[in-house]
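Chemist: Pasting a structure below so you can have a look.
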Number of protein chains: 10
Amino acid sequence: MASTSTLNLDGPPAILGALFKAKAEKKMTFEEIGKAIGRDEVWVAAAFYGQAKLTGEDISKLSNVLGIDGASLQSEIGDDWYPYRGLGPAVPTDPVVYRLYEGVLVYGNAIKAVIHEKFGDGIMSMIDCNITVDKKQAEKGDRVVLTFEGKYLAYSKW
Amino acid sequence: MASTSTLNLDGPPAILGALFKAKAEKKMTFEEIGKAIGRDEVWVAAAFYGQAKLTGEDISKLSNVLGIDGASLQSEIGDDWYPYRGLGPAVPTDPVVYRLYEGVLVYGNAIKAVIHEKFGDGIMSMIDCNITVDKKQAEKGDRVVLTFEGKYLAYSKW
Amino acid sequence: MASTSTLNLDGPPAILGALFKAKAEKKMTFEEIGKAIGRDEVWVAAAFYGQAKLTGEDISKLSNVLGIDGASLQSEIGDDWYPYRGLGPAVPTDPVVYRLYEGVLVYGNAIKAVIHEKFGDGIMSMIDCNITVDKKQAEKGDRVVLTFEGKYLAYSKW
Amino acid sequence: MASTSTLNLDGPPAILGALFKAKAEKKMTFEEIGKAIGRDEVWVAAAFYGQAKLTGEDISKLSNVLGIDGASLQSEIGDDWYPYRGLGPAVPTDPVVYRLYEGVLVYGNAIKAVIHEKFGDGIMSMIDCNITVDKKQAEKGDRVVLTFEGKYLAYSKW
Amino acid sequence: MASTSTLNLDGPPAILGALFKAKAEKKMTFEEIGKAIGRDEVWVAAAFYGQAKLTGEDISKLSNVLGIDGASLQSEIGDDWYPYRGLGPAVPTDPVVYRLYEGVLVYGNAIKAVIHEKFGDGIMSMIDCNITVDKKQAEKGDRVVLTFEGKYLAYSKW
Amino acid sequence: MASTSTLNLDGPPAILGALFKAKAEKKMTFEEIGKAIGRDEVWVAAAFYGQAKLTGEDISKLSNVLGIDGASLQSEIGDDWYPYRGLGPAVPTDPVVYRLYEGVLVYGNAIKAVIHEKFGDGIMSMIDCNITVDKKQAEKGDRVVLTFEGKYLAYSKW
Amino acid sequence: MASTSTLNLDGPPAILGALFKAKAEKKMTFEEIGKAIGRDEVWVAAAFYGQAKLTGEDISKLSNVLGIDGASLQSEIGDDWYPYRGLGPAVPTDPVVYRLYEGVLVYGNAIKAVIHEKFGDGIMSMIDCNITVDKKQAEKGDRVVLTFEGKYLAYSKW
Amino acid sequence: MASTSTLNLDGPPAILGALFKAKAEKKMTFEEIGKAIGRDEVWVAAAFYGQAKLTGEDISKLSNVLGIDGASLQSEIGDDWYPYRGLGPAVPTDPVVYRLYEGVLVYGNAIKAVIHEKFGDGIMSMIDCNITVDKKQAEKGDRVVLTFEGKYLAYSKW
Amino acid sequence: MASTSTLNLDGPPAILGALFKAKAEKKMTFEEIGKAIGRDEVWVAAAFYGQAKLTGEDISKLSNVLGIDGASLQSEIGDDWYPYRGLGPAVPTDPVVYRLYEGVLVYGNAIKAVIHEKFGDGIMSMIDCNITVDKKQAEKGDRVVLTFEGKYLAYSKW
Amino acid sequence: MASTSTLNLDGPPAILGALFKAKAEKKMTFEEIGKAIGRDEVWVAAAFYGQAKLTGEDISKLSNVLGIDGASLQSEIGDDWYPYRGLGPAVPTDPVVYRLYEGVLVYGNAIKAVIHEKFGDGIMSMIDCNITVDKKQAEKGDRVVLTFEGKYLAYSKW
């Protein structure tokens, strides 16, 4: 049975709270959950925030790993549910998220210019795109390595 | 002699147009210019857009490579000039830049969650941060690899 | 020689005005220009507004058809120039353009729902997308047929 | 009996959730529902989102097809209820919907120019307009064909 | 010869200033001009602000009445020029214009409700719409009578 | 007894829902209610949306006509309650209401110019203003006649 | 001869700069100018900012007092020119002007409530309104007395 | 006991509704309440809207006058509660409040200019400021006299 | 057990209300609480507003000092919860907070210029930053001393 | 002679560019200029950005120190000119200025709470406020010490 969350009009489905709760009770990290279900941690976190669509198999594995009811998950965020993506204010206020936005404001034109020079008149897809976060240790302190790997798509001419 | 560009109130200094013009006449890419002056191409492009500050040595090398007058560069965007960073509308309209913004909207919370789990209560610096764009060839078509490597900064408590 | 239009910071390059002027003098429609250079009229109009990138061959044909200097076009909007796409206010005020926007406001969720049902968790690309405008005669008055044909892109999972 | 949904001030009527729920239980697509009641799938989806007005006959058929109480539908979204159309943020965040918006930003002026050339000083109506979504198979992958067919309306002069 | 005003990107064409100037020199009101060319004063004023499209005949009459060069008008705002309609800020600041906007804020829902009750599920067209301003004398002071007469358009169902 | 609706901070008072409900049960139009209580239908609709203030006599008649409890109405939207006028987003999304807004964007300056020419330096009041909606039959289809009749107010000079 | 300032589209007419210049050369305050032409200083300052309309007699007196050419004033901001009122950003940034705005944010509801209690369902007109600024000396430092005296207008019911 | 209203994050404390309710039951005006507790009516209304801080003595008197429980008031909006001032949208929609805002838009620069001429480089405080609303009878109809009397504060130089 | 507050999507966790309530019951100031747990008062207040992350030890001390259940705090805002920082509107309306914002608007460029002159091309970190509020007594009245002490971070070049 | 800069409508007066230019030619820092004219460097920088008002004596000293024409300064930004304060976008994009804004977003409520606890119901003035920037050396790297010292102002009650 599908809930009204299919409407997607009131923000992410409430059942996502249960995912976070189960994760906390199991004291598992996104990395551990990701390994357990065969997905990257960033993608798993995106799914927890209602920003990625779990397959039936993902749901099945997840319900095993977290000890929660798969049928509820299936009915709320299963087959006939599709994420309404995009969360939060147009200009994010949280400093972690703002820094990413600042990267767009400050380096967006430069990144665009280099993509055009290296690839031509097109874009890096954010749909066919994998995102990873890694830790790199350095003398002056740890560094975050955030990587977007997206398909290059050329503009059609017709 | 410094110009009124020091005010930074009318957008990036006009002399940046001369940089782009010289680059076009020399038919050089940002990658080639970067190699010639010992900087990464993304950073060089950022400097061309008035989003990074060239050192005196950078200016000197750049004037050699592009065949433009170093003194003008020095007086306009030299020692006592500091970039006013951040260009364009709050929500970018160009599809290349928008895709980066979309990455923040869709995956920002997930990236934040994973950074916290891996590092703790802090952020990835966008100040002490290196950004690169690489091409990766794949069967189904080239992929853009965009990497942010920034220092992790923990929130102070006091 | 490339102009400062490469900066893309002051809106579409001024040379586009010359395109419109030549078109008016030749009394040609976008359809006629499109046929003469082997492109669709909507794409040609997009290029006139600085929203599509002409190839070297397009520029060559266009300068012949419109009787304008190809070298100027090449230096201003040629090889090393890439459009900064996206024009006008976030909510368009012109009624013709607003009606398209209204289509997004009113039917956007319905279109999204049907795309998901027919294709799965993905999008219709606006990069690899052809757009045409046709006239259809009907008893109660002519009808505009506006078609977007874009590649379906599935969300990656990783 | 009509509910306060007539006020239209709190977003689409809550009963729409029941429509989505019944649809999920019946495992029907919008296309199947559309065929069953004699409407196009996009229009049906629009009605589910509270963006189109069902006739009494539509409601009657729909209650049969989905096995839900027609009287409730009638009292909530029936005769004396009129949709308050327009859903979601001014700039959509979901990538599927955003791509349509991007089409307006990038190609809006071009579409306007071609409509004027083909039809004169007027608009394509979004009121007397039919919208369809089709799948077109192609070698390089399926393509979405989104068509708007709207009546041309000339500006009155008086 | 058409000017770059065809781009419509910098606001209404500069030649409109000449219209206002000529009108002031001739000390004519919009009403007088309207009568002289066979149009209503509100429509004429809209054309002066670049918000309505003059026909070739309108231009011809107008150049006679105001003693200005018809060829310039024709090349700037003639055949191949189409107004980009919509002027000023989203929320108008001038009290005269704001009052109209306030009418939408305060009475918009009531007007919508009555249109639906009287006509059904549709709108009053602002494209096929005539607007007049009249003076009505009353004991307690003159009253402005502003009338919109627009075609009723029913929503299509498909 | 007055409710917290006096605060006006959460939007129109909830009791307005009861008005709409009673109207639906009685199957009365705003026109019929208006006639029954001696008011115009647009004004009645405005009152239903919490945008006009009913007098004690209006409330009394209304409770008779609709068969609802006058005391509740009186305590919620009676003597010591004053409407907080202005509903909905700054730029309306519903096409019916948007068309009125579009009238302001496109014809606002023209209307202002004609008001000034006919009346002088002043405004049409939206406070001392009557608004009516009429149907006018025409060969090519019915037309909506929307009239604002407001007092002219001259700017004071001091 | 009237200039293009009649369009009102580029902000207040340039000739206002000449008023400010002449005022500075004459070292006159708005109070002194006001007394010389028989107007209050706030109203005179409003006229200098293009926010009030000078009569022919005002212009005549002003040109005498300030020693500037009355004919130029007349042609630029004379008979057929009407102010487009409302200057600056929606939320003012200058602290003097912001404090007035803050008065609206903090005390607006209270002022509204008291106006309703004292006068009924109506407003204080900002059109038929006189504004004065006075200095009041007090032990703890001078105080600004800013007074708005506007006609009360009752809402019409129809 | 203080409630969560101390967080100030959900708008004014709910207990303010009780104040309005008691006031309505007692059929008292703000003026009468003000006289009873020794405060001006505007300030009392501001306190009712959660925009001014009642002293312990104010609360005590108010609970006597209105016959409500002083302890509840004290725990909700007493000693350790401080108003989060500023209510409603950035641009007010209610005509009464909008007129005040319009006064800022139209006369803000003029008021600023006169304050500077009369007082120097400083502001009128909106913190140390008393606001009153009075009725003034005049032949052509009552007038509202709204007065702000605020301390002049000079800019520090350091 | 962690609650759905981990989602951070509905604003600060509800348990923060309990902190404020306990603080009020204990009649403790932030300064007193700060001293009791070994933190500065501003940081403690930030934690109460959900803008700083308490360590397990902080939570333990806080539950002792305020006499509240540490386990609840731990499950709601403990180990696996990270603040979503940034509260309130983009332009604050409360005068206390607005004055800080005004400091940015008026003195932001000056502060930036001096930071660059004293330190070079970099920023003052708001992450590794301590903030204190002190009272300074002066003849003409108490003064607030608000100090930000943040690490200087130089822009990386790469 | 005063220029049109008195209008303050086009941003800071152009002559400020001459100040920056002279400063660059003299290779002086704001600190050095400040010492030479007896003002703090932050205040001097604010004056250069048109955000503080120089006295006649300040102008005289400044023209000596920088070797520029005092009369021009006096006529442009002298006696009868008052700054229109507040520069740049509502949400600053430059990272240095943004960090200050972030301080308001993240710590604004905490600072407000502590000011109220320490001082009562009032604000820290940003008008009678001195701002300084100091460098503090620390083992882990230099720290910026930014101090606002502003007069406490209590809310009036009346």
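Just so it is clear, glycine is given a Cβ too, placed from its N, Cα and C backbone atoms.
Reproduced below are the annotations present in TrEMBL:
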| type | residues | note |
| --- | --- | --- |
| DOMAIN | I:86-158 | domain 'Cyanate lyase C-terminal' |
| ACT_SITE | I:R99 | active site |
| ACT_SITE | I:E102 | active site |
| ACT_SITE | I:S125 | active site |
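Looking at the shown structure, can you explain where the listed features end up?
Modeler: Here the domain 'Cyanate lyase C-terminal' (I:86-158) has, by DSSP, the following mix of helix, strand and coil residues: 25 helix, 27 strand, 21 coil.
For I:R99 (active site), no same-chain residue lying six or more positions away in sequence has a CB closer than 8 A to its CB.
In sequence order, no residues are near I:E102 (active site), counting only same-chain partners six or more apart with C-beta under 8 A.
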Chemist: With every protein chain in view, how many other Cβ atoms are within 10 Å of the Cβ of I:S125 (active site)?
Modeler: 23
Chemist: Grab the pLDDT values for the domain 'Cyanate lyase C-terminal' (I:86-158) and give me their mean, rounded.
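Modeler: That region's mean pLDDT is 97.
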Chemist: Among the active-site residues (I:R99, I:E102, I:S125), which are close to chain B, meaning C-beta separation under 8 angstroms?
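Modeler: Listed active-site residues passing the 8 Å Cβ cut to B: I:S125.
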Chemist: Among the active-site residues I:R99, I:E102, I:S125, state which ones have a Cβ less than 8 Å from a Cβ of chain G, giving them in sequence order; state 'none' otherwise.
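Modeler: Filtering I:R99, I:E102, I:S125 for a Cβ under 8 Å from chain G leaves I:E102.
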